[in-house]
Amino acid sequence: MPPRYRSSRCRLPWLLLLLQALLLGRAFFAFPGFRITYFPSETYPVFQDVNHMVIFGFGFFLMVLRRYGFSSTGFNFLLIVLGVQCSVLVQDLLDLLNIHPSEFGMESLARAVMSMTAVVISTGAVLGKANPVQLIVMSLVELIIFHVSRCINVTILQVPENLSLMHVHLFGAYFGLAVTSRFPEPPPGLDKNRSSPKSELFSVLGTVFVWMFWPSFNSILAESTWQAVLNTYLALAVSAVAAFMLSALTSKDGKFRMAHIHSAVLAGGVTMSSTAEIIQHPWIAMILGLLGSVISILGSHCLQRCFNPPLKLQDTSGVHFTFGLPAVLGAVAAVLIRVVQQGMVQQRSDLSSLGYLIFFEVGAFCQTISTALITGLITGFILNIKLLKAVHVSKYFDDQFYWEVSFQMISD
């Protein structure tokens with residue numbers, strides 16, 4: 001007989017109804033000064049690229065577990081459609097507190113969808129271990145904290161608003177790692193956290209879609225759109241070539257490993273998130289794409305053997321070396337590039353302003369990653385309270401806990 005699973009009928013539908021009612025009430029009773037702004041129709045195709053990337057691409061990207069495919073794609077879609085509404089609300093509240101008129105249009109909707117990338121990345125770290133209620137709570141907390149972190153970077157550290165949104169990969173990766181460190185480790189004999197050829201194929205399909213649409217993600221809010229597209233595509237191309245090369249070099253039998261392709265081909269896009277529109281020479285983007293792929297593959301070897309076991313981290317889909325480390329590389333590269341560009345146009349007597357630039361750039365990076373780690377740890381403790389009814393470790397990585405599945409699918 002199949003194992004018995006607790007029904008989520010008493011908690012999840014009512015939580016979704018409550019949240020949707022609150023969001024609908026907010027939309028009905030709009031704040032004073034709220035108005036809709038319209039952007040050129042040319043913006044919509046780029047927005048659709050980002051929408052495809054976040055919903056379809058990341059939905060299949062997370063299908064790395066052989067018995068968790070329904071949950072990977074289904075929960076990803078649920079969190080995004082709920083989180084986008086919440087993100088628009090949070091942006092509006094922060095604008096109101098900042099005494100700025102709140103405008104709703106394609107640009108604010110694009111920011112909301114892009115902000116959900118942080119949630120999707122964090123979900124990859126706790127994949128298979130958190131129930132839907134825990135994921136919803138984590139998403140709401142993370143969205144609020146991420147927007148507050150962006151507000152600090154923009155208002156205090158003087159980071160341009162479009163660039164502050166590019167810290168989304170950095171924040172999402174380390175927030176998710178901090179959350180997953182508070183979940184119990186699965187028992188050694190549990191084999192449901194393995195992949196299968198079918199799940200790896202779907203996951204790489206998602207990777208290809210994310211790869212294709214990443215130039216739109218990096219350029220939708222950029223001032224130099226075509227420059228951001230060019231640099232991002234070149235970095236992605238180089239990182240993909242390097243992923244195949246390094247995968248063959250680092251494997252024992254010289255064969256390609258799908259896990260390497262799954263993570264390292266995206267490293268160039270992550271690295272370009274902070275630097276795409278400020279790089280003046282394409283060869284710099286290509287070098288950063290190569291370094292991102294190297295860090296991703298070497299990091300997967302080092303982190304899984306040396307870093308994760310002592311800290312008791314189980315990064316289910318490898319978000320640390322897929323998004324975290326390349327995002328750190330991109331943030332450091334952005335600081336160096338801006339310092340070099342600023343130093344070239346300033347006189348020697350104006351070194352004080354250059355020092356302030358370094359201080360603010362490094363401060364924004366440190367503020368983002370420290371806020372993600374601290375709030376992620378707190379969120380991890382919150383998710384494990386009895387009220388949220390955490391999943392028992394023996395039921396990790398299993399669709400049967402939430403979905404109607406056939407025994408044929410389970411055996412496959």
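Using N, Cα and C of the backbone, Cβ positions are placed for all residues, glycine too.
For 43-387, the entry in TrEMBL reads domain 'Ammonium transporter AmtB-like'. As annotated by TrEMBL, transmembrane segment applies to 46-65, 77-97, 109-128, 201-222, 228-249, 285-307, 319-337, 357-385.
Restricting the average to the domain 'Ammonium transporter AmtB-like' (43-387) gives a pLDDT of 86. With a cut-off of 8 Å on Cβ pairs spaced 6 or more residues apart, the transmembrane segment (46-65) and the transmembrane segment (201-222) reach 3 or more such pairs and are scored as touching.
Note on the transmembrane segment (285-307): residues 230-232, 234-240, 242-243, 246-247, 250, 259-260, 263-265, 267-268, 270-272, 275-276, 279, 313, 315, 318, 320-322, 325-326, 329-330, 333 of its chain, located 6 or more positions outside it, place their CB under 8 angstroms from a CB of the stretch.
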